[in-house]
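What Swiss-Prot records for this protein:
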- Gly13, Gly14, Gly15, His16, Ala17, Gly18: FAD binding site (BINDING)
- 274-288: NAD(+) binding site (BINDING)
Amino acid sequence: MDFPREFDVIVVGGGHAGTEAALAAARAGAQTLLLTHNIETLGQMSCNPSIGGIGKGHLVKEVDALGGAMAIATDEAGIQFRILNSSKGPAVRATRAQADRVLYRNAIRARLENQPNLWLFQQAVDDLMVQGDQVVGAVTQIGLRFRARTVVLTAGTFLNGLIHVGLQNYSGGRAGDPPANSLGQRLKELQLPQGRLKTGTPPRIDGRSINYSVLEEQPGDLDPVPVFSFLGKASMHPRQLPCWITHTNARTHEIIRGGLDRSPMYSGVIEGVGPRYCPSIEDKIHRFADKASHQVFLEPEGLNTHEIYPNGVSTSLPFDVQYELIHSLPGLENAHILRPGYAIEYDYFDPRALKSTLETKAISGLFFAGQINGTTGYEEAAAQGLLAGANAALQAQGKEPWVPRRDEAYLGVLVDDLVTRGVTEPYRMFTSRAEYRLSLREDNADLRLTEIGRRLGLVDDVRWDAFSRKRDAVAQEVERLKSTWVNPRVLPAHAAEALLGKAIEREYSLSDLLKRPNVSYEALMQARTDEGELLAGPGVLEDDVLAEQVETQVKYAGYIARQQDEVQKHLSHEQQPIPADIDYDAVTSLSFEVRQKLKTHRPETIGQAARVSGVTPAAISLLLIHLKRLHYGSRKQAA
């Protein structure tokens, strides 16, 4: 039968891409239907119980700045928070959180159920309704037809999913869930370019059987406790838990090597390519044969379960091998395995067949988001889902789409990489993929994107009011620092010595003083005159977020301006030739991945090199430096 209501947007799938897509479309004012095979698994964390990390945390902040749910749900469910790269510059600092799976799923479901314009319905989708080159709806497994102006497909690993444990395999979308084989077959009939990829997950451990006394404890950050959402507070967090660290050893590696003949990866059973940056433990042992040990992080799955996720031992080896390798790890000699690890192969579609809006070029109104586009990770999926959902809603309403630029957002980098370069392996976001990363920081995601989100209808009044106050306060303080001047008569020698390391000899703006590497905003605001009065404070010192933003904007202003100039210079290098006999292994500043790809493709020019999948703009800069050195060296020899 035909369902009696028609929709603007149908979202197929309730994972991280699907939930953000449905919420975004509904926030944008579209009448939205989310179809899922199981309402109980909406927002399910299918693999690791964590959100964020290098590059990934940036995407989560951007989703949040655009009104998405992932960050605030993590604040409500996070049981450990850390800032990675905290000793490095703000461009590469990233938030990461361990999340209670149940609390996270509940937080996402609550937002879905309370979102105006959004309907949920539990049925697996077996078919798409296509008229000519236009999608017009979806058909469920009981033949129920739902009609809509646009459809967002977020099928994850379910399209013709095949689960492997050793040489045994069976159909599944993930452990305990059926695959979407009928939908996968229908998409093949539409002749969209596709391939197979693979991902995996480790066995799960009963924490009561672990000997923690021999393990290294890894606590979260406590001063201050990080938050993910720009609307988040540390008081939202549930009780915090530590993680623990153990290591593989020679015995572990011997066990794994002994089981490789029964590994589906190494026996040719698995054809799909796995994620380079989240390899299985057997892949690590094979690729890094000279490495004596690998870290394994024991991560709690939640507050009300003893289940532990051993991050670092993803595997599809036979269970008897999994059993031995787990028991070879220090602290896990008597560990009880609750669930076996496994690998899963699934269909994906070449993202080069997508527009930058994430709409398919071949079928109008059909959008793809998440792992179906060849990406890996909750965060990458959520970001794509938000963009696809927003653009599906805009199209259904006859409005112009939004395509984020590379200089606006990591989301822009992600989409541009996908639709222009495609993928040969599951794509993971890193800060190194962004040439504008000094501008694309976690801390300014709202300043970059919330105004855009408001214009698109994605940002509600509460977020907009909080953002407006922050934006205005930062702008006012930065302007005050630029326009307030200090001379030697006002800043006494002893105060200057304490603040700057030496007395000042002429007049400086507060902004100029703050740009000095040894001067912090806090110290500048606390500096006093001979009369004991504050020289420039208190400013916005009482608000850590505002103070950090002001200091970062002032200190990095020059670097960001120079970076913009550098990007323009790349255009002039488009036709610069690369020597045919260049030894890429000699360019040691390039990552192994980039050197490998350049050796395979052998591009003739810098422009061609820049378009090789996986070769980042940052890598092109390093290659240009190497070519300049080669040119300079050959000129010296000729002289």
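Just so you know, glycine gets a Cβ as well, placed from its N, Cα and C.
Note: the FAD site is recorded as Gly13, Gly14, Gly15, His16, Ala17, Gly18; in the same chain, Val11, Thr19, Glu20, Ala21, Thr36, Thr154, Gly156, Gly370, Ala381, Gly385 also have Cβ atoms within 8 Å of that site's Cβ centroid.
When the Cα atoms are compared, Ser280 (NAD(+) binding site) and Ala17 (FAD binding site) turn out to be 24 Å apart. Taking Gly13, Gly14, Gly15, Gly18 as the binding-site residues under consideration, the smallest Cα distance to Arg276 (NAD(+) binding site) is found for Gly15.
Listed in sequence order, Thr154, Gly156, Ala369, Gly370, Gln371, Ala381, Ala382, Gln384, Gly385, Ala388 are the same-chain residues six or more apart from Ala17 (FAD binding site) with CB atoms under 8 A from its CB. In space, Gly15 is the closest of the binding-site residues Gly13, Gly14, Gly15, Gly18 to His286 (NAD(+) binding site), judged by Cα positions. All protein chains included, Gly18 (FAD binding site) registers 30 other Cβ atoms within 10 Å of its own Cβ. Among the binding-site residues Gly14, Gly274, the residue whose Cβ has the fewest other Cβ atoms within 10 Å is Gly274.
Packing around His16 (FAD binding site) is summarised by its Cβ count: 31 other Cβ atoms lie within 10 angstroms of its Cβ, all protein chains included. Summarising the environment of Arg276 (NAD(+) binding site), the number of other Cβ atoms within 10 Å of its Cβ, over all protein chains shown, is 17.
Burial estimate for the binding-site residues (Gly15, Glu282, Lys284): highest at Gly15, by number of other CB atoms within 10 Å.
Counting in whole angstrom, Gly14 (FAD binding site) lies 37 from Phe288 (NAD(+) binding site) by their C-alpha atoms. For the binding-site residues Gly13, Cys278, Ser280, His286, Phe288, counting C-beta atoms within 10 A of each C-beta gives the highest total at Gly13.
In this structure, the CA atom of Glu282 (NAD(+) binding site) is 32 Å away from the CA atom of Gly18 (FAD binding site).
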